[in-house]
Amino acid sequence: MTHENPTSNPISDPEAQEITRTPTPSTAAAAKGYSAKVVVNKVKNNLVFHSKWGELNGAMGDLGTYIPIVLALTLARDLNLGTTLIFTGVYNIITGAIYGVPMPVQPMKSIAAQALSDTTFGVPEIMAAGILTGGVLFVLGVTGLMQLVYMLIPLCVVRGIQLAQGLSFALTAVKYVRKVQDLPKSKSLGERHWLGLDGLVLAIVCLCFIVIVNGAGEKNRGCCEGVQSGGDDMQNEVARNKRRSRVRRVIFSLPSAFMVFVLGVVLAFVRRHEVVHEIKFGPSSIEVVKFSKHAWKKGFVKGAIPQLPLSILNSVVAVCKLSSDLFPGKDFSATSLSVTVGLMNLVGSWFGAMPSCHGAGGLAGQYKFGGRSGGCVALLGVAKLALGLVLGSSLAHILRQFPVGILGVLLLFAGIELAMCCRDMNTKEDSFVMLICTAVSLVGSSAALGFLCGMIIYVLLRLRNWSRDKPLSAIWMHKNPEQV
């Protein structure tokens, strides 16, 4: 496998290749460079829906991680939910227009975990950590160092981080389904009851419904192709097959994740109908956060330093690799992703918006449920922006009643889709490195530690090949000497 070209052995997905095929720009259009007309046309193409129901369904694929983290910080640390919705909504719209794929906007998980575990890590410290993390990523992007990092990190190590993140999502999802959760304290309170508006039966039914509609992500085709008519019996059989095929197409085209999410919203009102009286219309006030020297110091030491390895690996490097796998022909540079993550936090964190980044798990989840274009996340951004302007922080009262079991189901599919991207490790050496990286990441609860161990093992395995008289560049990149 050639490391420099991850798409040389892409994950087989005929649907992705079919949908993402775009016409090659003409020579005249290319000569115009970045004229206003060319940019406008590119943005329009990036936001075009490939499938209305599919894009709507795909927009729900990232909510399993977004809602629990943002809701927990809102309830436990007084995060301004209205401001966060407005800024992340704008981020979604912009990234959808720029990249033309369902590029996610997720909360920075390491910073969120620190805030939820440390009562002294408040909003100023959260925002300081976001600004400092964004500043470092922006500098790495504009100087080109992030692209160098992307080129040097082996694919098997990236796959190890992706597998660890996907399994981590899946394990968290199972915990959400099986046990009652106190999201503000990130604690499990006991076994979940089988019946009820947030019971195990509800979660299992939602899970089975999504599996029936979406399957494992394969493209469903008609079942009566190639049938030839011959007599009344054969014609009747063809007619029955056509009717059956139409029913299958209707069922398989249902926006399953969207329907499950709407069900959760309805149940939130049913569980506590008094929540209607707690809703206040109008946006939350947007104010500049006041920082102290202590907030900057603590934000850097306890927030930015642990977050940086995760952002570099999962928000930039892994997203670049995954986008090449899922969307052949749409390759994004590590430089552009690093710059957009940096700018998001250098702007929004000053006003109290939760520090955000891209994420391979969100991209995999939105792709799993049908997201294929930038219009998917742009639609989600418009919804966030509208909710932030209309309901503001009072939306937290509704989300607090949302069935956590349903969130677990959505998160489970996002995690499994991300983990499945690692099935292209075809050699025993690559699989060995990937699994060591995954095991250390999961047991040590640190992507940085898993990455370090994976890189060490990878280097040791490459050193064993020196006896074959290959150049170092050929050994590192898995190339034949004549290819160097």
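Positions of Cβ are set from backbone N, Cα and C atoms, glycine also.
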Transmembrane segment range according to TrEMBL, out of 56-78, 79-101: 79-101
Cβ contacts the transmembrane segment (149-174)/the transmembrane segment (402-420), at least three under 8 Å, sequence gap 6 or more: yes
Within-chain partners of the transmembrane segment (432-461) [C-beta distance under 8 Å, separation at least 6 from its ends]: 153-154, 156-157, 159-161, 163-165, 167-168, 306, 309-310, 313-314, 422, 425
